[in-house]
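Here's the structure we're looking at; comments come further down.
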């Protein structure tokens, strides 16, 4: 069997008609876990509906529709394999909650695949002031997705077809734009492809013989292997807490950093409750250690279900335990707020698994979101497209961390009026020590 391949997560971004679904569908179709029978069914339906426009996008549309109807689709459908990696497409925009998902995301993307429409007019629409290409790229960079592959798509529909001049023009323009966002364009492969015809997706295309770089598949294989943060102190945000007869209280969540082991003494922030972990399970099997990315349930001694809540964070009592945040300062980008945001604004913050109202206590500075340079001290307000440093105070106890130390606990979405109005990363946190926190007997013995 040999060593298992490393898993990586990919997020596909780009303007609405750039061909994201066709390209992603094509990869999944050719390299993925979709059953041939399912594909044949899709093809037949597509033909009946005269959607010659294609089985690939159709595959993805079907998957999306089923996902939105709440039918859990076998997640294998969103996976495909390269020579080196197992790739999972964690979300494709166009999905209503894309921005929120990308931030509170069940997983951090290791690489963004930016799809550009190379056709006349199509490219210009995508990169224009209000095109989504800019917003998505900025979002990916702000949230720490440092690797990118850029696909110049629809090369079969440029004038003339497969035009090198058009490709060069796009590379130049997109490079200068990505540089402003913060990426280094010299490190980004620009692959000319046709997601529809299949040129340069998996095999080299003779239509593009002027291009000497990698195919999309080769570019995916060249992604730098992600480092998983198992050497950091433990952080495990709780998703749920169950009471299981004969076993007791079982909190459930995903290890974001560090390691969780049976016998460990854990402290739950923000309350400071401290207890011993009896056992750790994943998919109903006992684990000797849980690592970042593992979704686990663990049994804790002498703790009532009511003492723990979704949004609490389990940590190692002896290694930088999680604490309540009295306040924190974040770099925030306002994305779609219709008005002006000033001191006293009180939206809801979605950060890891917690969902808590916070107050914008103080707008500290307004900054240039590309260079990070300060534009104005103590601005009166921030509006759409602005970035700023903001001091926030939670209205209820919550745990957050700086983005640099614990990335998944240091990025958030600001929600208001049922949409994401801003995104942010946390620069520093003022923590407060718990008062009168309960320490169970088992934990006290181990001290």
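Note: Cβ is positioned from N, Cα and C throughout, glycine not excepted.
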Annotated region 'G1' segment (source Swiss-Prot; candidates 6-13, 14-21): 14-21
Annotated region 'G3' segment (source Swiss-Prot; candidates 91-94, 95-98, 99-102): 91-94
Which range of 55-59, 60-64, 65-69, 70-74 is region 'G2', per Swiss-Prot: 70-74
Annotated region 'G4' segment (source Swiss-Prot; candidates 145-148, 149-152, 153-156): 153-156
When distances run from the Cα of residue 261 (N6-methyllysine) to each of the modified residues 79, 187, 289, 306, 396, the nearest one: 289
Proximal but sequence-remote residues of the same chain as residue 289 (5-glutamyl glycerylphosphorylethanolamine) (Cβ under 8 Å, at least 6 apart): 259, 260, 261, 280
Coarse DSSP state, helix versus strand versus coil, of residue 187 (N6,N6,N6-trimethyllysine): helix
Chain-internal residues near residue 362 (5-glutamyl glycerylphosphorylethanolamine), provided their CB is under 8 angstroms and they sit 6+ positions away: 343, 378, 390, 391
Pairwise Cα distance for residue 306 (N6,N6,N6-trimethyllysine)/residue 396 (N6,N6,N6-trimethyllysine) [Å, integer]: 16
